[in-house]
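Everything on this sheet refers to the single structure shown next.
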Amino acid sequence: MMERKLTILYGSQSGTAQDLAEQIWRESKMYFFRGNVLPMDEYDVSEMISERFVVCVCSTYGQGEEPDNMKRFWKFLLRKSLPTDSLRQVHFAVLGLGDSRYPKFNYVAKKLHKRLLQLGGVALLPVGLCDDQHDLGYGAVFLPWINQLWNQLGRIAPLPAGQYKLPESPREFRWNVNIVKDGNSTTTAAIDLYADVKMPNGFQTMVVENRRTTTPDHFQDVRMITFEKKAVPWCPGDVLYVRPQSSDESLDQLFEIFHQHELNLTRETVVEVKAIDSEMPVPSILQKPLPLVAIAQQYWDLTAIPRARAFAVLAKNCTNELEREKLIEFSQYEGQEELFSYANRPRRTILEVLQDFPHATKSLTPEALFELFQPMKPRAFSIASAVESGKLQILVAVIEYRTKLSVPRRGLCSHWLKRLVPGDMINAWVRKSTFQLPTDNKIPLVMIGPGTGLAPFRGILQEREFSENPTSAPLVLFFGCRSSTADFHCEKDLKRMVQSGMLQLFCAFSRDQPDKVYVQHLIRKEGVLLKKLLVENGGYVLLSGSSKNMPQAVKEALIEAIGDEQYIEEMIKANRYQEETWA
């Protein structure tokens, strides 16, 4: 019988593609497949010619870029010397994760699918294009796509006579978890899970200042946080990555849940995570005995909205029939709309879910906890200063809002950053900007950055201000906020640049007059200027801010302002119209 090997590779920037790749791996065990699940750059791509079945899961980052842990893999596949029949024995499937608000939606997955075909590979099914904008999230495409994958593999590689698909995966958990010591361990305050993790352009830095830029009575707290400048350089528009930590409130809530449900797990409980086999290795940061409080503070995202997988884990050993029935419903494709109404719409956290299902929570094991709690993902912030300023600064909106739930929703990372005080040390790293600026600084820049979308443009403007020739090209900024007196970020800097003649500034203060005014309204009025800068002088448009409605409204306003929709589309194709937005 032919070996049932399925290799699963992922390119993941934030961890979601990895989560889905691991889910495919877990389900593959129901069909008796074996094989590793790996980041693409940890796989020896030269071995692909001898593979029979390969699944690739990849996200698209920024302006159509591949994730960091896929770059070497992709570079190899692009070699012109590779024969066009290299992968003739390989049956492959590609699943993409993207956001349809971006012009290059799922660009990386589409490119990869096309390249594998060019190299002779046989597609098991069309490329799956998951969309973060869908009400049901990535699951709307992923769940039917994975069912099609198993059906197709079943036709090409049927199970031998007498062997049948298992009703559930025999690999319920990633790893084995042993309790090494319980209670009264030494202090955990100094434990840094990521101390030995070396990131490219990584460094440790100290908080110098954490200043609120909005007035105390304004509805939103926005922070300009200044860090000690390190030797690591950055360019205008680059981003700073940080790893947040759970709040004391969340940690108290977690261990109170453990106590209430008699799980015999305390802050001091020391656990050891062990690999079951080589297919699913333990992350390096978990490869030593650790107190649960360190894992909960630095590794588990206690504020995450649980996905369908979490409900399947909770259902597994649940002794209450009503709870179990509801959990199974939430875990299946047919129940995704109900899951959206229960979890996604009100932004219900995993801790709140545990409280809602007490019988399921009472039956949890240490192994199950590592399935329930998603790994905490690093967060990215545009650097709001130039290297020449001698300061490393970010502009952060502290996220807090209400849903139908009684407790306000709070952003994990923004509230962690808010709590930092001068003298605190954090680990961080710099990543190249998704903005690709023209090398010729005589080319005009039209920057559109409402709210904290201003951050990358302040860095770009500062760099020009410190340069020998700051006014070499027209620099135009459309900025928007609620009030000229409440949330006009970096007001002194921008007015100084206007006064010096290097910047032309248009401000939309939406609540300073009876009729709301936004940046798109100002753009529509500046047709003559924008035609000159963009059409006659070949300028660039750079847009930064919320991905909700603003990008589309701005695009429509620009089309109206210059009177040529086709020209704007050509700018997008030529990378002269770039967006950096976030949900």
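Cβ coordinates come from backbone N, Cα and C, glycine included.
Remember, TrEMBL labels are computer predictions, not curated facts.
TrEMBL annotations:
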- 6-150: domain 'Flavodoxin-like' (DOMAIN)
- Ser12, Gln13, Ser14, Gly15, Thr16, Ala17, Ser59, Thr60, Tyr61, Gly62, Asp132: FMN binding site (BINDING)
- 200-438: domain 'FAD-binding FR-type' (DOMAIN)
- Arg347, Arg379, Ala380, Phe381, Ser382, Gly411, Leu412, Cys413, Ser414, Trp582: FAD binding site (BINDING)
- Thr452, Ser510, Arg511, Lys516, Val517, Tyr518, Val519, Gln520: NADP(+) binding site (BINDING)
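Put simply, the two farthest-apart Cα atoms among Thr452, Ser510, Arg511, Lys516, Val517, Tyr518, Val519, Gln520, the recorded binders of NADP(+), are 19 Å from each other. Taking all protein chains in view, 12 other C-beta atoms sit within 10 angstroms of the C-beta of Lys516 (NADP(+) binding site). Taking the Cα atom of each, Val519 (NADP(+) binding site) and Leu412 (FAD binding site) are about 29 angstrom apart. There are 23 other CB atoms within 10 A of the CB of Ser12 (FMN binding site), with all protein chains counted.
For the domain 'Flavodoxin-like' (6-150), the DSSP counts in helix, strand and coil order read 59 helix, 32 strand, 54 coil.
When Cβ neighbours within 10 Å are tallied across all protein chains shown, the highest count among the binding-site residues Arg347, Arg511 belongs to Arg347. Least packed by the Cβ count within 10 Å, out of the binding-site residues Ala380, Leu412, Val517, Val519, is Val517.
Listed binding-site residues: Ser382, Gln520. The one with the lowest count of other Cβ atoms within 10 Å of its Cβ is Gln520.
Predicted-model confidence for the domain 'Flavodoxin-like' (6-150) is 92, expressed as mean pLDDT.
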